[in-house]
Amino acid sequence: MTVVPVKLNELKNKLVIIDQTLLPNEEKFLELDNPEEIWEAIKKLRVRGAPAIGIAAAFGLYVSTLKSKAANVAQFKKEFEEVRDYFATSRPTAVNLFWALKRMTRRFEQEEDKTVDKIKQALLDESEKIFAEDQEMSKAIGKHGLSLLKPGMGLLTHCNAGGLASSGYGTALAPIYLGHEKGYNFKVYADETRPLLQGARLTTYELYKAGIDVTLICDDMASLVMKEGKIDAVLVGCDRVAANGDTANKIGTSGLAVLAKEYGIPMYILGPTSTIDLDASTGEDIKIELRDEEEVVNGFGRRTALKGVKAYNPAFDVTDAKYITAIITEKGIVMQPYKESLKKLFE
């Protein structure tokens, strides 16, 4: 990826994002510096993907509080916490959002005995660390993931977990980018990913621009391409992983996992350890975001169902751990039993 989808413009003190709702037809960058704009950008998926949401929240918290005229630390902390809590209401399922906000809060508390200006500088430092760590994380995930793949493989991915979802290679697409650099000549199949078409609009956009062999398929074609022997592995990202390995990801992931198991195809979940939530015992503890039903009935620029027809629009589903071959993180590859192997990542 040559486009960095989320970054900080230090000269202007603004969060800069590429508006992903306009891709692939228009590349428009937005410069944001107030809480309402940043909340809206996260909620409306102008910036999306678990790692990118965390980065946007961190930089957003910094630029939103930078303009504070608070005369003392107590007042500044009150303003900081108001913005933090507001951001936390934007997307309930992606744990990286809360992880980043907690990191920024922890850094604030570590510097609480300093001046307001010193605390602001510390918040800048922490947000830049989160950005830099994400870049290194994606490279490490790519390296570990590539160790499970062979040249010429057919790979299926869902939604978008590439450079547009992070500050680097991404997660699920990281091994594909790394393999491309090494001449692996993968054949990638991307689900269009209804209802918002992140696979069609975003994944094919970035892979095609990178010169990677990518073929777009409708979501309901996945079973056929598996049966035809075109798929050797399924690679997807994750928004939250429970302690037992149950994984929340874009709606449709669970169905792919069931199909992959039936056809004997490995199902790989790729994501940073920051997406692992050991406080969630199982997938039942993960709150699933419900989005506006208009996204379903107006999905192609015009209404596709009669007015008055109801639509159900959960943004994510949970894949049971029994369908997951391995979870690939920046710290390494973990397999069943996930309750033990995931816990070891944090020891």
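All positions are counted from 1 along the displayed chain.
Just so you know, glycine gets a Cβ as well, placed from its N, Cα and C.
Straight from Swiss-Prot, the features:
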type     : residues                             : note
BINDING  : R48, G49, A50, R91, Q198, N249, K250 : substrate binding site
SITE     : C159                                 : site 'Transition state stabilizer'
ACT_SITE : D239                                 : active site, proton donor
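Structural mapping of features recorded in Swiss-Prot.
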| residue | record | CB count, 10 Å |
| --- | --- | --- |
| R48 | substrate binding site | 28 |
| G49 | substrate binding site | 30 |
| A50 | substrate binding site | 28 |
| R91 | substrate binding site | 23 |
| C159 | site 'Transition state stabilizer' | 28 |
| Q198 | substrate binding site | 27 |
| D239 | active site, proton donor | 28 |
| N249 | substrate binding site | 28 |
| K250 | substrate binding site | 26 |
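Using a 10 Å Cα-Cα cut-off around D239 (active site, proton donor), the recorded positions G49, A50, C159, Q198, N249 reduce to G49, A50, N249.
Within 8 Å of the Cβ centroid of the substrate site, not counting the listed residues R48, G49, A50, R91, Q198, N249, K250, the chain contributes I53, A94, C159, N160, A161, A165, G237, D239, A315. Annotation note: G49 (substrate binding site) sits in a coil segment as assigned by DSSP. Distance noted between the C-alpha atoms of N249 (substrate binding site) and C159 (site 'Transition state stabilizer') is 9 Å.
For the binding site of substrate, formed by R48, G49, A50, R91, Q198, N249, K250 according to the record, the largest Cα to Cα distance is 17 Å, rounded to a whole number.
Spacing of K250 (substrate binding site) relative to C159 (site 'Transition state stabilizer') is 6 Å (Cα to Cα, whole number).
For the recorded site, Q198 (substrate binding site), the DSSP three-state label reads helix. DSSP assigns D239 (active site, proton donor) to coil, not to a helix or a strand.
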